[in-house]
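Here is the structure we will look at, set down as structure tokens.
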Amino acid sequence: MAKRLFVKTYGCQMNVYDSARMADVLAPLGYASADGPEDADMVILNTCHIREKAAEKVFSELGRLKKLQAAKAQAGGRMVLAVAGCVAQAEGEEILRRAPFVDIVLGPQTYHRLPEMVAQAARAGGAVLDTEFPAEPKFDFLPEARAEGSSAFLSVQEGCDKFCTFCVVPYTRGAEYSRPASAVLAEARALAAQGVREITLLGQNVNGWRSDDGWSLGRLLRALAEVEGLERLRYTTSHPRDMDDDLIAAHADLPQLMPFLHLPLQSGSDRILAAMNRGHDRDVYLRLAERLKTARPDLALSSDFITGFPGETDADFAETLDIVRRVGFVQTYSFKYSPRPGTPAALMPNQVPEKVKEERLAELQALLLAQTEDFNRACVGREMRVLLDRPGRHAGQLVGRSPYMQPVHVKAAAHLIGSVVNLRITALHPNSLEAVPT
Ligand code: SAH
Ligand code: SF4
Ligand code: F3S
């Protein structure tokens, strides 16, 4: 009998990719996807540990699932409950202590072993914990990726050796690892053959990707641009320290490479950047932004910021506002600093009061929102290539993404789903752009 799997994903795009691959791994065991946890025989929470709030969500979700699991058992059935991802990696034992009804706890580097874990959980009845960092990369054991729709993620790099003082990722994902170019190209070809038109390369430090024979990400992008059927390429998340000349040149040379780059800055203050161990100062970032825009004049930047890092003064924060005004960002994510157990910054003196963090975040977000709105407004009247990827809410309408990831809706025939079309933007809505064919 067909079994049903429900995966709930928290956190970053790497987790979105991992969730899809966990479903791929379990498909041969007869698991098809469920619409919700209610009709699932197995539920996986793929979790995020980046900020306290993210990690807390897992335990409240587990509380809800416990009831479903009990109801199912009472009706003579069974719901296997697994916790995967970065909270599992960081707090594996703690999860089993606080939530003993969980069957499987697995880290981000062991999900290729899921079939064994499921079998083991069925046999033993006790919980299975696997948060190892195995010597063998999981990628070597995964089945071919199944595409859903015309845009796909492709993980090329994992882990992080940068150790920014605020961040849990080096501990939850392990050391930097790059997949071989041949494996990346094979996966890209397989996705393109299934109708994928756009690939976003993923990695915690995606531009730190290196092949054994010395290729850097720019070279890989050039090879991907040759793959038949692929019309658009993106990559995320990049570190300013790893933006090399060849990668910048790729932005000038490859029309497939979208003119939109997520390049987190975190702070505009040299003092804070140093305390964060980011490995670059504000000048490096300003120069990078300039070089990227010279290479590709229509390029727009997106970024991440943290307010209230330990020791951040009003003067430091003013530097952040200043650099935001100078660079101009079209899309951003910004957060209050959240002390994470086991990271150096959590132990630093001069922790900033919550209220100050919040006030600074509100001021920064107002500025960033104004920049996003200005950019979106300036798009009205422009022509853009849009990848139409799904039906819209109204009949006869399709929705797609602009080069800048803005949702765009247009009246168009359904057979155009999966194509990149030329559109003229005619109006700005609160969460999308409206367009007509040109
Ligand atoms: N590798 C990426 C970021 C990954 S984490 C980079 O180097 O930029 C995603 C974002 O979460 C970070 O850019 C940062 O802005 C935010 N973040 C990470 N740890 C945080 C913390 N302890 N408190 C608040 N925000 C944090
Ligand atoms: Fe975290 Fe820094 Fe690594 Fe990004 S580069 S994942 S912020 S430690
Ligand atoms: Fe979160 Fe882990 Fe991604 S901590 S942001 S899910 S790498």
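Just so you know, glycine gets a Cβ as well, placed from its N, Cα and C.
Listed in TrEMBL:
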DOMAIN    3-123  domain 'MTTase N-terminal'
BINDING   Cys12, Cys48, Cys86  [4Fe-4S] cluster 1 binding site
DOMAIN    146-374  domain 'Radical SAM core'
BINDING   Cys160, Cys164, Cys167  [4Fe-4S] cluster 2 binding site
DOMAIN    377-438  domain 'TRAM'
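Everything TrEMBL records as a feature, shown here on the structure.
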{"residue": "Cys12", "record": "[4Fe-4S] cluster 1 binding site", "Cβ neighbours (10 Å)": "18"}
{"residue": "Cys48", "record": "[4Fe-4S] cluster 1 binding site", "Cβ neighbours (10 Å)": "21"}
{"residue": "Cys86", "record": "[4Fe-4S] cluster 1 binding site", "Cβ neighbours (10 Å)": "27"}
{"residue": "Cys160", "record": "[4Fe-4S] cluster 2 binding site", "Cβ neighbours (10 Å)": "22"}
{"residue": "Cys164", "record": "[4Fe-4S] cluster 2 binding site", "Cβ neighbours (10 Å)": "22"}
{"residue": "Cys167", "record": "[4Fe-4S] cluster 2 binding site", "Cβ neighbours (10 Å)": "22"}
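Distance from the CA of Cys86 ([4Fe-4S] cluster 1 binding site) to the CA of Cys164 ([4Fe-4S] cluster 2 binding site) is 17 Å. Each residue in Tyr10, Gly11, Met14, Asn15, Thr47, His49, Ile50, Ala54, Gly85, Val169, Thr172 lies on the same chain as Cys12, Cys48, Cys86 and has a C-beta within 8 Å of the C-beta centroid of that [4Fe-4S] cluster 1 site, without being one of the site residues. In the three-state DSSP classification, Cys48 ([4Fe-4S] cluster 1 binding site) falls within coil.
Proximity of the binding-site residues (Cys12, Cys48, Cys167) to ligand 3: a Cβ under 6 Å from the molecule is found for Cys12, Cys48.
In this structure, none of the binding-site residues Cys12, Cys48, Cys86 sits close to ligand 2 with a C-beta under 6 angstroms from any of its atoms.
Taken together, the residues of the domain 'TRAM' (377-438) have an average pLDDT of 95. As a summary of secondary structure, the domain 'TRAM' (377-438) carries 6 helix, 33 strand, 23 coil according to DSSP.
For ligand 1, the binding-site residues lying close by, meaning a CB under 6 A from one of its atoms, are Cys167; the full candidate list was Cys48, Cys86, Cys167. Compute the center of the Cβ atoms of Cys160, Cys164, Cys167, which mark the site for [4Fe-4S] cluster 2; besides them, the chain residues with Cβ within 8 Å of that center are Lys162, Phe163, Phe166, Val168, Val169, Pro170, Gln204.
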